[in-house]
Structures are given as C-alpha cells and as structure tokens.
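In TrEMBL this protein carries:
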type: DOMAIN; residues: 38-548; note: domain 'Major facilitator superfamily (MFS) profile'
type: TRANSMEM; residues: 33-51; note: transmembrane segment
type: TRANSMEM; residues: 71-91; note: transmembrane segment
type: TRANSMEM; residues: 103-123; note: transmembrane segment
type: TRANSMEM; residues: 129-150; note: transmembrane segment
type: TRANSMEM; residues: 162-180; note: transmembrane segment
type: TRANSMEM; residues: 192-213; note: transmembrane segment
type: TRANSMEM; residues: 316-339; note: transmembrane segment
type: TRANSMEM; residues: 346-367; note: transmembrane segment
type: TRANSMEM; residues: 454-475; note: transmembrane segment
type: TRANSMEM; residues: 496-516; note: transmembrane segment
type: TRANSMEM; residues: 522-544; note: transmembrane segment
Amino acid sequence: MGGINWHGEWSLIGPPSGGDTSNLLDQNISTPYFIYVLAFFSALGGFLFGYDTGVVSGAMLPLKREMNLNALWQELLVSSTVGAAALSALSGGYLNGWLGRRICILVASFIFSVGGIVLSLAQDKVVLLVGRVTVGLGIGIASMTVPVYIAEVSPPHMRGQLVTINSLFITGGQFVASVVDGAFSYLSRDGWRYMLGLSIIPAVLQFFGFVFLPESPRWLLQKGRSDEAHRVLSQIRGNQNIDEEYDKIKASIEEEKEVGAGGVVILRILRHGPTRRALIVGCCLQMFQQLSGINTVMYYSATILQMGGVQDDKQAIWLAAATSATNFVFTLVGVWLVEKVGRRKLVLGSLLGTGLSLTLLAVSFLLSAQNSPPVTFHPYDPQNSTCRQYGSCELCMLDPNCGFCYRENGTVVFETSCVPVNLASTDHAAWGRCSNSTEGSDNLIWAYNYCPTSYSWVVLMGLVLYLASFAPGMGPMPWTVNSEIYPLWARSTGNACSAAANWIFNVLVSLTFLHVAQFLTYYGAFFMYTGLVVLALLFVFACLPETKGLQLEDIENLFTGQLCSCRGSAYNDMRHIHYIRVKGSNSIVICTWALL
Ligand SMILES: O[C@H]1[C@H](O)[C@@H](O)[C@H](O)[C@@H](O)[C@H]1O
C-alpha cells in the first residue's frame, strides 16, 4: 500500500507488476500529490461529458410534457449534443495545437457553464436546442483534450491509471445524472431545469481550478518555451530530478521536426507510416467501443428493461440508475487493473465478456419472443389499422403504431388484444379498453414497446454482466490508448480524429437502435452487436500493441512494423522490447524473446 508523507508525497509500493520494458523511467520513486490535483480538475471534463450525455434521457420525460415536444424535437435535443460534440472534437485538434491544452480545457469549461445556464433558463424549445448544442461543443473539446493533458503530465508508470480516472469520471457523471433524474422526476414542474442546470457547478469549479493549473510541459517545449516547460515539469514531478525526462522530450521534439515539419497535420499523419497505423488503431478502437452497443444500453436501459418485462415507469427509471451505477463501479475495476495487466489484456478480456453477455441478452429476448403471448381478443377496429393482423404480442410490439392490451392474474395473461397507440401519448391506446386512465384497474394493462414475459430477470442479468465486462476495458481503454499512441506533433490531431469517430458512431448506433430492433427484432439486434464484438476481438487481438509503462516518446516505435503484425503472437507477453534511439534517425526496435 502507498501512503502520504508530510512533504505531501505519495509513495508507491513499487513498480507495476509484469511490466518489462527496459527503458522505463525509474519507477521506484515517490509521486507528488500535485499530479492527483491535476488529474482531478482535468477529469471534471469527463464528469461533465458523462453528466450532460446521461441527464437528457430522464429530463426528456418532464420536458416532453411541459414543452409539448414531438418525436422529432426529442430526437433533436438528444442527438444535437452528440453531433455538436463530433464537430467540436474535430476542431479541438487544431485548437489544442494552437492554444495549448490548458486554454482548451478553460474554453470547454466556460462553454459548459454557458450551456448549463442557457438550458436551465430556457423558455422554449429553440433555446433548449441552442443550450444542448452549446453543451455538445464543450463535450467535444473536453473529450479529446482531457486525456491528452493527463497523459502528458503523468509519469509513465501511472499514466494509464490517471487517464482511466477520466473515464471513471465519465461514468460517474452518467451515474450522478441518473440519480438527479430520478430525484427530480417527482417534481411536478420545472424539475428538468435543475436536472440540466446542475452541471454548472462542476463546470465553474473546473474553470477556476484551471486558472491556477499549469500548461502541459510537452506542449510548452513544442512551442519553444523551454524555461517554462522545465519549471512546470519540475513542479509536477515534485522537484525530483527531471533531466532525463526533459532531455528525452526535447530530443524527441527535435527528431519529430524532421518528420513533422510543414503542411497540414492530418496529411502528414497519413503520409507517415507509424502515425498512420496508430491513427487506424485509435479510430477503430473508438469505433468498436460504440459498435459494441454501450449507448443503446446506457440510453435505452429503461426501455430495454421494459421490453424485458419491467412494467412500472418509476421502477424502470431507478433500474436505469442501477445500470449506470454498475457501469461506474466496474470502471473502477479498470482503473485498478490498467497498470497491473496492461491495456491489451484488459480490452481482450472485456470484449470476451461483452460478447458473451450480449449473447445472453439475445437469447433471453429470443426466449421471450418464442414464448410471447398470442392475441386472443379481436375487438372491432374502427381505423382498420395494421395492428389487427398480428397474432402475438412480439409482432404487435415491434410495430411502433401498436401496443398490447391485456389482463393479468398472477402470472397468467389473458384477454389479449393488439390495438393502435394514442399518437399524442404512448401511455394509452388510441381507443378501446386501454385508452383511458382507468387502465391498471380491473387487472387491465397497456404494454407499449414490451411484452409480458417471465424472462425479465435473465435480461437484467445480461445487462449487469454486459456492463461488468464492458466498463473495465472497452469503456475506458479507447480513450486511454488514444492519449498515448501518437507522437507529440500528431497527438492533438490524432485524438481529435479518434474522438470524432467515437461521437459519429455514437450518433449512428443510438439513432438506429430502435429501427434496427424493428427490422431484426430485439434478439436479432443483440446478435448483431455480438457479431460486431467478435470483429472487434479479432481486430484488437491482431493490432493493439501494449503501451503499459513506456514513456510517451517511445510508443511511436510500436507502430514501425506492419499494421497488425507481431501483436497477436502468443509470445507477445513474453517479449522484452528494447528501444535504441539513434539520434537524427528513426529508432531501431529490437525484439528479444525471453522465457518468463
Ligand atoms: O467511455 C465512455 C463510457 O463507456 C460511457 O459509458 C459511454 O456512454 C461513452 O460513449 C463512452 O465513450
């Protein structure tokens, strides 16, 4: 165990286990606690990212009522934020290189505060939309800058852990948002103003924190501000001897000038083999993170649980809070494991568990579908709607125009009918016995989007297993790995592109989920995500190198070989890698094999 001495230094037990690279900086050192202060204030950006993406699903329920929002406006308010995040993440690359990490974080927290104020005071839906776009602009910049900043100020032996703390704050933000949603859902008016406005507090805290915190020494050196860089590095390393680290950063910047001089950065990245390969790995990791379906689970967990048979609205909201709590708690496991087992093993294990739990989810939906109650009661349909033609609840529920009306006695479902939904509110049928608020009495139940089933507990188990597998690896590692794999000259642009890939696939997956479910049925949709996770597993197995413990300046060397070569070897973990820097030329990588 570590401890804090009276000089304010955190001493570590020793080097992380299993690490085997010979050029690590001396790990047997004490870490000044200032680095934790830096990580905390930076990771508030992650908290805001999580809070603002998570809060909207619960806020939508009262907003829908009070602002009379139709489906289009609801979709706009959710996806405008994610769309704006994609755009601003891309432009964040340029801003990061130009203004530095610190100014970008200050800008992001300022934008978050303005967005929060606009949202909490909004009088109509257009102002709400402006607020949601503003917040999205903040999220995009924060999502790409914060991991880069933390990676650049961290000592190599704890970089993975500190960057992963940012992901812990993302899932923490999502969890807090779901609790706030639950708590304010009991207010009869204006609850959404508190839900959306509370983000102002961490935003202002981060802004004032960063007024006093330093710029990344690596960025300062790149801009030729050597004295300042030296002073900052020595400040964040607690006045330890920083000469070796400083010289290494400087030497690498000199070398990079040869590869990285002049022209548009993205074109230079694409022309330069190792950075091009790093970019492909970084973007694919972010793409696969989203294609494994995390945000269908996060944004639609209440709906998924309803589809799995949880009927009560409030119960579904609180169960959704339990979902995000699980995501948060298991991200903590990732923070704990990242420096012990490394990024690669963590991602591989996570994908394996994610694939298995998606299969479990798919199978439970399949069983529910196969045991779906038949339609037994066919009332006269004045609209002659499509709902009449369905013979079972499963088919009825998949048509967005219809819902299932039935009576229940214990676990027995009877007098079942499939009737059109009320277009103004999906809480009722358009006509007939489930059309008025007396429903619930006389054992009459209106099910929209779900069917009565006895498999809800398997769905719940599938969801928990999914999050327990996803959260330690596939959740945080794409952010962590991206903050490490690019050389300094390409770091801002590389992270901007991969963060934008994350946001673009986020919009794609979450916007298409309900349509995909409609076309492929729910079990089909989950089998599809399983297939995508298998692809991700193959990709990661073949292409993701281990970056644990290496100094940032050495990681580029992992990409000097062919893309996806040498990584999936069974010997990978038994290999000792030695890097020899030859001044003025590319580094030579020698792989030696050692039996452990
Ligand atoms: O790493 C995060 C985290 O896993 C979140 O739970 C998810 O909503 C985000 O999309 C993802 O980028």
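The backbone N, Cα and C atoms fix where each Cβ goes, glycine too.
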Next on the checklist: For the transmembrane segment (454-475), I need the partner stretch with the highest count of C-beta pairs below 8 angstroms, choosing only from 71-91, 162-180, 522-544.
Outcome noted: 162-180
Checklist outcome for this item: Checking 103-123, 129-150, 162-180 against the transmembrane segment (33-51) for Cβ pairs under 8 Å, the most are found for 162-180
Item to check | Maximum Cβ pairs under 8 Å to the transmembrane segment (496-516) - stretch from the list 129-150, 162-180, 192-213, 346-367 | outcome: 129-150
Item to check | Within-chain partners of the transmembrane segment (71-91) [C-beta distance under 8 Å, separation at least 6 from its ends] | outcome: 52-53, 56-57, 60, 63-64, 125, 128-129, 132-141, 143-144, 299, 496-497, 499-500, 502-504, 506-507, 510-511
Checklist outcome for this item: Residues outside the transmembrane segment (129-150) whose C-beta sits under 8 Å from one of its C-beta atoms, at least 6 past its ends, are 38-39, 42-43, 45-46, 48-49, 52-53, 56, 76-77, 80-93, 95-96, 101-102, 104-105, 107-109, 111-112, 114-116, 118-119, 122, 159, 162-163, 165-166, 196, 199, 203, 216, 479-480, 482-483, 491-492, 495-496, 498-500, 502-503
Item to check | Surrounding residues of the transmembrane segment (192-213) on its own chain - C-beta under 8 Å, 6+ positions past either end | outcome: 37-38, 41, 44-45, 47-48, 51-52, 55-56, 58-59, 62-63, 66, 102, 105-106, 109-110, 112-113, 115-117, 119-122, 131, 135, 138, 177, 180-181, 184
Checklist entry - Apart from its near flanks, which chain residues at least 6 from the ends of the transmembrane segment (316-339) lie with a Cβ under 8 angstroms of it? => result 16, 54, 57-58, 61, 157-158, 160-161, 164-165, 167-168, 170-172, 174-175, 177-179, 181-182, 185, 297-298, 301-303, 305-306, 310, 346, 460, 463-464, 467-473, 475-477, 480, 548-549
